[in-house]
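Per Swiss-Prot, these features apply:
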- Gln104, Leu105, Arg106, Cys107, Lys108, Asn141, Ser179, Lys208: 4-amino-2-methyl-5-(diphosphooxymethyl)pyrimidine binding site (BINDING)
- Asp142, Asp161: Mg(2+) binding site (BINDING)
- 42-55: compositional bias 'Basic and acidic residues' (COMPBIAS)
- 1-64: region 'Disordered' (REGION)
Amino acid sequence: MGWSGSPLTLPPLRGSPPLPQVERDRTQPQLLAFADAFPSEGRGELRSRERRGEATGRGGLRMTAPTRPLGHLYLVATPRPGQSEAEFLRRVEDALAGGVDTLQLRCKADSGQYGEARPYIALAERLRDLAHARNVPFFVNDRVDVALAAGADGVHLGQNDLPVEWARLMAPGLRVGRSTHRPEDAARALAEAPAYFATGPVHATPTKPGRVAAGLGYVRHIAALRPTLPWYAIGGIDLGNVQAVLDAGATRIAVVRAVLDADDCAAAAHALREALMVNG
């Protein structure tokens with residue numbers, strides 16, 4: 001059963017310019033998916049969650065209190081084409097065992113089956129369980145609806161995603177992270193005061209094709225600001241170049257391929273964690 005009510009909208013933010021069309025186009029499908037992901041026949045499961053003592057937000061959707069500490073080695077877990085879900089989950093679990101202490105699930109609209117809300121939510125719930133078993137905070141990329149439905153700790157938003165304030169209005173129980181790519185992005189992030197922000201890409205990476213690398217100079221710029229918010233250097237970071245990133249002033253890093261595509265995910269995570277601890 002799909003959503004059959006009137007169009008879903010959010011109110012304009014006081015003192016804010018109108019939302020650009022690209023962001024309006026991205027927001028409406030999220031709101032529709034949010035309404036469609038839990039039709040009336042699914043309410044019994046939501047009531048079961050409540051009986052189990054799981055906190056819920058408005059509408060019965062579970063929301064997680066921000067109690068799990070942000071770590072220093074952040075894995076952005078992205079399912080690989082042709083990779084089975086079991087293999088993906090095994091690699092993520094190994095990475096957590098090796099020392100990953102903050103986890104994000106990133107599935108974009110073109111990510112095969114995970115482009116749809118229900119499979120995305122189901123996968124997010126599996127990763128949430130793996131993360132929470134180790135008291136690791138779990139974030140969902142881009143999708144506030146999926147983060148809420150899956151009981152994630154938070155949502156990570158890019159520059160073309162929802163404004164942080166809108167995400168807070170939709171889901172006051174979620175922590176919100178933000179991507180930044182240049183000094184003006186960082187200035188906005190500091191004003192928005194998200195739970196954390198990411199800086200990069202430090203190096204060119206196939207994870208973000210076509211995006212010009214921000215370079216180590218951007219890392220130095222952020223470090224010189226001495227922000228009180230946690231921040232992560234991200235983009236093409238691996239064991240071979242992590243020391244230069246740390247020397248530029250970063251104390252936290254986010255990675256994808258360096259861990260998830262390694263022959264031994266646990267060993268790769270452990271080596272990066274050791275580098276962070278030595279420089280901590």
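Our numbering is plain: 1 for the first residue shown, then up by one each step along the chain.
Every residue gets a Cβ built from N, Cα and C, even glycine.
In the structure shown, the C-beta of Leu105 has more C-beta neighbours within 10 angstroms than that of any other entry among the binding-site residues Leu105, Cys107. Around the Cβ of Asp161 (Mg(2+) binding site), the number of neighbouring Cβ atoms within 10 Å comes to 23. Cα separation, Cys107 (4-amino-2-methyl-5-(diphosphooxymethyl)pyrimidine binding site) to Asp142 (Mg(2+) binding site), rounded: 9 Å. There are 20 other Cβ atoms within 10 Å of the Cβ belonging to Asp142 (Mg(2+) binding site). Long-range Cβ neighbours of Ser179 (4-amino-2-methyl-5-(diphosphooxymethyl)pyrimidine binding site) (same chain, at least 6 residues apart, Cβ-Cβ under 8 Å): His156, Leu157, Gly158, Gln159, Asp185, Phe197, Ala198, Gly200, Ile234.
In the three-state DSSP scheme, Asp142 (Mg(2+) binding site) falls into the coil class.
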